[in-house]
Amino acid sequence: MTNKAVFLDRDGVINVDHGYVYRKEDFEFVDGIFEACRRFQEQGYLLIVVTNQSGIARNMYTEPQFQELTDWMVERFKEQGVTISKVYHCPHHPDFGPAGERDCDCRKPKPGMILRGIEEFELDPAECIMVGDKPSDVAAAERAGIGTKVRVSTGSLFVTLPNNEASLSLLTHVDQIIHDRSSV
């Protein structure tokens, strides 16, 4: 049984963050993301997306529009031999949307989406990796007890590795990240 996963933020990690992307014609995959994910998958990691989508609360797009884009994105990964096990999203924002939905447990930096993934897939958080582009991604992972947190520079996959070394690409350092994880 797989007990480890890579949690991936969407905007800025999987796709270039053009701001509130909800249409496939605006969705631009970050170079190297398919190969990086394939390498993680080959090492036994599940791939789980955790993404804040406040554009829904802001009425910029709807849940069905988000789901349509998500289905399309997951299919592009599948065409590349990569399985996305689950996509969790937070449609909330503290300043927008229905008052009763503004204070949620899922909007990063809160760990709700990650904790749901840990529970649903029976993961060992210490064996998991979070790849995000914002401090809120790292904070959510920290609060969920994720063992390895990797922060990338938006859209370029410039990486700050766990030992605080910098790298030019997630793809070129997947093997080092996995090795560092296995030697802990």
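Glycine residues also receive a Cβ, built from the backbone N, Cα and C atoms like all the rest.
According to TrEMBL, the protein carries these features:
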- D9: active site, nucleophile (ACT_SITE)
- D11: active site, nucleophile (ACT_SITE)
- D9, R10, D11, D17, H18, G19, Y20, T51, N52, Q53, S54, R107, K108, K134: substrate binding site (BINDING)
- D9, D11, D133, K134: Mg(2+) binding site (BINDING)
- C90, H92, C104, C106: Zn(2+) binding site (BINDING)
- T51: site 'Stabilizes the phosphoryl group' (SITE)
- R107: site 'Contributes to substrate recognition' (SITE)
- K108: site 'Stabilizes the phosphoryl group' (SITE)
Listed in sequence order, residues with CB under 8 A of D9 (active site, nucleophile) and six or more positions away: V49, V50, T51, K108, V131, G132, D133, K134, D137
Rounded Cα separation (Å) that holds between C106 (Zn(2+) binding site) and N52 (substrate binding site): 8
Top Cα neighbour of D11 (active site, nucleophile) in the set of recorded positions Y20, S54, H92, C104, R107: Y20
Among H92, R107, K108, K134, the most crowded of the recorded positions [Cβ within 10 Å]: K108
Spatial neighbours of H92 (Zn(2+) binding site) among the recorded positions H18, Y20, N52, R107 [C-alpha, 10 Å]: N52, R107
Entry from the binding-site residues list N52, S54 having the most other CB atoms no farther than 10 A: N52
Alpha-carbon distance [N52 (substrate binding site); C104 (Zn(2+) binding site)] in Å: 12
CB within-chain contacts under 8 A for H18 (substrate binding site), separation at least 6: D26, E28
Cβ-Cβ neighbours of D133 (Mg(2+) binding site) (radius 10 Å): 23
